[in-house]
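Some notes on the structure that comes next.
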Amino acid sequence: MPSLLEAFITSFVPSSSDTGSLFWAKRLLTALLVFGCFWLLAQAVCWIINRWGSKIASFTATDLDDRILKRVTPSISLLLTFLGIYYAFRTLPLHEKLFRLLSGGLFIANVVIVCILIYRVLHETLLWYAERQQDGEAGTFSRQMAPIIEKVTMLFIIGAALMVVLKHFNYDILSLVTALGIGSLAIGMAAKDTLAHVISGFTLMIDRPFRIGDRIQLSGGQVGDVQDIGLRSTKIKTLDNQLLIIPNSDLCNTMLTNQAFPDNRIKGRINVGVGYASDAERVKQQLVAIALEIDDVLKDPGPEAYFVSFGDSALNMSLFFWVEEYAKLFATTDKINSKILARFREQGIEIPFPIRTVTLKQEQGAHTP
């Protein structure tokens, strides 16, 4: 039996008596065997991860490990396959320059695969934390920080990959880093405004004056929902379906109102004037009763009506009410206004319009035409 195995192995080893065709045939068969072994290894690793990895991960309290295994398995298989291609090429008697070119390309491919592998682990971890935050679980992780951390980490991964590739091809990294440092200083001086926006973006992430999805009102009066918080700018979608792109440094230096803090409840106010002949107490009771008829108006705290001032032609009343979601404020205000108008007409409560009385005085001796 050993003699048969030795004969089988020896049959693939080129000898001096082999002709050109037989020599290359043995080399190609050896390369195919090497590649086949690595390919089988890749399939075996994937099978083990899919079969046993998921079972082992199911015993943990979270599903993070399950998700990471699912994302990285294809990259691991691809990495082993490229390693098989590399070692298969090494068995071939290629020209030195050709082999160096092929091995360099395969090395770059493997570095790219490793970067993708690291990125997928990072992305899945950040996504998992963001979902925990969204579900209200305890923790200090901010959903807004996830895209920023992902982008910055990706830049570091790309930079590290470039350094590894340059080191592999015997480039002087120290001189390159020095040149990049001087260049970065010049670029930083030229792009100081952009850097200010980026630093302000990190400030917004840490200070958290608003979150993605919050409705904010800017100092200029614009109201909209936060769509995205980027490194340089923040995107806000107004109620008119327009997209405002505001530099982060401007947001850090302006006063704004976040309607979603401390919670999504919002207090509405409706001002209405009634005639001087109206009973103020009765009007206040009617306003509160109308508000309580609207489903979106909270019962606790309940609506309140006040007689706030004497107007030129009306008694000025104000109705205050709470709505569970700030997004429903406009619709709720519309319903209350419509009911106030209909109820006051039904009850005979006058809503006067401004009236001016003009008195003309005639001087003595003046002639009236």
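Using N, Cα and C of the backbone, Cβ positions are placed for all residues, glycine too.
Note: TrEMBL annotation is automatic and uncurated.
Annotated features in TrEMBL:
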type: DOMAIN; residues: 154-192; note: domain 'Mechanosensitive ion channel transmembrane helices 2/3'
type: DOMAIN; residues: 194-259; note: domain 'Mechanosensitive ion channel MscS'
type: DOMAIN; residues: 270-351; note: domain 'Mechanosensitive ion channel MscS C-terminal'
type: TRANSMEM; residues: 28-50; note: transmembrane segment
type: TRANSMEM; residues: 101-122; note: transmembrane segment
type: TRANSMEM; residues: 148-167; note: transmembrane segment
type: TRANSMEM; residues: 173-191; note: transmembrane segment
Task = Residue list, the transmembrane segment (101-122) vs rest of chain: Cβ under 8 Å, 6 or more residues beyond ends.
result = 68, 71-72, 75-76, 78-79, 82-83, 85-86, 89-90, 94, 150, 153-154, 157-158, 161, 164-165, 168-169
Query = Any residues 6+ beyond the ends of the transmembrane segment (28-50) with a Cβ under 8 Å from its own?
reply = 12, 69, 73, 76-78, 80-81, 83-85, 87-89, 91-92
Task = Determine the mean pLDDT over the domain 'Mechanosensitive ion channel MscS C-terminal' (270-351), rounding to the nearest whole number.
result = 93
